[in-house]
Each structure stands twice: as structure tokens, then as C-alpha cells.
Amino acid sequence: AAESGLSEGEALEEGTGRDAKSAARKERKAALKAMKRERRAQSPKDKADAKRKPCDKCNRSVDLLVRCRIDVSQKWFMLCGRCWHSVSGGVPDGDSEHPHYKYGGLWKNRAAKVTTPSFAGAKVKADLQTLQDTEAE
């Protein structure tokens, strides 16, 4: 203490300040570790539920949203399957009854097990079946 130019009392106070900082840091680290342990202990279903997003039209939280334009404003909306079907006619590219509709992609909750709809799959299967039927004749 004499070498640093501080009295013994000042040196003790400085040492206590370091101890207090060290204790506060250890406390913060322990709290952070406890929070991480809690987060890791969540079930996969809880993790998936936490990442769901609401539909812009009906406000229902879902794991799969379709990004699309649905009206004159040309704003992008994120819609669930039910709402998307009503604004697009159930066709990815829209139809004449839905002139303002434009498809813009999908958002998937990666924490949940979500299967994306396959629109072309049904048509391809039907075409394949027709082709097989004609070959059989």
C-alpha cells in the first residue's frame, strides 16, 4: 500500500471493491447459466410453440405461413392455410376470380415438423395415372 501511494485504509477499500465486482460478476454468470439450463430443458413441442407466428388475417398462431399480396394495396401478408385458400382460390398462381393475388413464398417454423403442400404432386400423379391407363389399353 505504501509503494502505490495509498494508505492502508484506501488499499483495503480498493480490494473490497474488486471483491464486490467479482462477486457480482459470478452472480450474473450463475443466473445466465441457470437461464440457459431452463431453455435447454424445454421439450421440443414447447420450443416449436414458442416460435409460431400469427396469421395476418385471422391472427391464429401457426407453423406454416404463405407470403402473398391479396388486394389493391399490394402489401405483403403472411397467411395461414385457411386464409390463403380463401384469398387465392387454392391455386398457387391465383386465378381470374382473384386478380390482386400474388404468391411470395413460404415461412416454416423449423422447430416444428411441418410438411409443405405439394400442388404439382397431385397433378403429376393424375397425369401419370392417365398415362398408365392409356398404355394399358
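Along the chain as shown, the residues are counted starting at 1.
Placed from the backbone N, Cα and C atoms, the Cβ positions cover glycine too.
Quick look at what TrEMBL lists:
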- 1-54: region 'Disordered' (REGION)
- 15-25: compositional bias 'Basic and acidic residues' (COMPBIAS)
- 40-54: compositional bias 'Basic and acidic residues' (COMPBIAS)
Outside the compositional bias 'Basic and acidic residues' (40-54), at least 6 residues beyond either end, the same-chain residues with a Cβ under 8 Å of its Cβ set are 60-63, 65, 78, 107, 109-112
With DSSP as the yardstick, break the compositional bias 'Basic and acidic residues' (15-25) down into helix, strand and coil residue counts.
11 helix, 0 strand, 0 coil
For the compositional bias 'Basic and acidic residues' (40-54), give the DSSP counts of helix residues, strand residues and coil residues.
9 helix, 2 strand, 4 coil
